[in-house]
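*Asks:* This is the structure, below, for whatever I ask next.
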Amino acid sequence: MLRSLWRTNNNTSNDDNDDRNVIYNDQDSSDDEQESIDHSHLQEHCHFLLLSQKEDRRAERSLVVVAILSAIFIIAEFSGGVLAQSLAIMTDAGHMLSDLLSFIISIIAIRLSRSPANYRLSFGFLRAEILGATISIIIIWILTTMLVMLALQRIINNNFNVDANTMIVTASAGVIFNIIMGLVLRYFRCAHPQDIGHSHSHTNVNVRAAFIHVLGDFIQSIGVLTAAIVIKVTDWKLADPLCTFLFSIIVLFTSVTVIRDIFFILMEGTPSHINYGSLQNDLLNINGVRTLHSLHVWSLNMDKTALAVHLAIDEPEKATETMQVASRLIRFKHGIHLATIQIEQYETFMLSCKFCKPLMELNTRVDI
């Protein structure tokens, strides 16, 4: 929850502020009262999300540190894989390369999200993250395919050697590096600035994703270390290409989930965390709303959701009040901060017009 105070030095009111005071009737034009606005009133302000920029900068710094550590270890691990002649280690390095690309994409996305929108890109660069994720998946699929083909050749020919000692040292270093990177990200997750006051569940989505990547790398490094020990003890060299197959499958399954998310974002599908039916019924339950149509909910990127809806009411003079209630419901109950609400006069034909009907079957309304 936000605990900071919204402060302003503006001593005069203009027409925009007057309109805003009509919509958000809890705000006052005097300096003293503006300085005493609590966080619930702050959340009413349409631009309160600007306060998240400080957290984004902290997220960016932590991702930069992790990206640098990843780049250093990728070079070291790939070199160790070449020296040990281990495809499993090179596959692990390839998996970490995909994570490095994800970190870089997240850093770029955070920076681009601070770029202002323009008349050609009215949403700014929010979907640059999606474009970058698509490119990184293509790169990692090409790399994974090459490693799988090499592993298949080794299994067929069975004419290769693996330096188990070098493999053990490299895999052990991988475990240590992943622990360090996990601690860096964990520190960010736990050390929130007091003026922002977010809980762990509101940690920057890019940092949460990076933590999951590092956790996957840690498990994979444990697997490589296990394979190296097996080769050292039993001299069963096939453990190396078999590990390559296993890790390649893990990489592909991981990327498939990302592709699914990208597909739904590009198709402007309803985000999985939004209950469309519950949202529709809540809007219909607003006192005075007779019906609604054109209710659309979509994702701008991996963590920002937008909404547009038409609400039909009987009494046009209550349009502002209805918009207030709908805006607060959408923002505070359903967590959607970018909403466009159009209020229109209810007409009887709306119940029979296929373009004016809600997408889901109507439930019984209860006035609130």
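Every residue gets a Cβ built from N, Cα and C, even glycine.
Pulled the feature table from TrEMBL, pasting it below:
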REGION    1-37  region 'Disordered'
TRANSMEM  63-87  transmembrane segment
DOMAIN    64-267  domain 'Cation efflux protein transmembrane'
TRANSMEM  93-110  transmembrane segment
TRANSMEM  130-156  transmembrane segment
TRANSMEM  168-188  transmembrane segment
TRANSMEM  209-233  transmembrane segment
TRANSMEM  245-266  transmembrane segment
DOMAIN    271-346  domain 'Cation efflux protein cytoplasmic'
*Asks:* Counting by DSSP, what is the helix, strand and coil composition of the domain 'Cation efflux protein cytoplasmic' (271-346)?
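*Replies:* Split by secondary structure, the domain 'Cation efflux protein cytoplasmic' (271-346) comes out as 27 helix, 28 strand, 21 coil.
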*Asks:* Which residues of the same chain, at least 6 past either end of the transmembrane segment (168-188), have a Cβ under 8 Å from a Cβ in it?
*Replies:* 58-59, 62, 65-66, 69-70, 73, 76-77, 80-81, 84, 86, 89, 92, 203-204, 207, 210-211, 214-215, 217-218, 221-222, 224-225, 227-229, 232
*Asks:* Let me check one thing: do the transmembrane segment (130-156) and the transmembrane segment (93-110) come into contact, meaning three or more Cβ pairs under 8 Å with sequence separation of at least 6?
*Replies:* yes
*Asks:* Looking only at the domain 'Cation efflux protein cytoplasmic' (271-346), report the model's average pLDDT.
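*Replies:* Reported value for the domain 'Cation efflux protein cytoplasmic' (271-346) is a mean pLDDT of 93.
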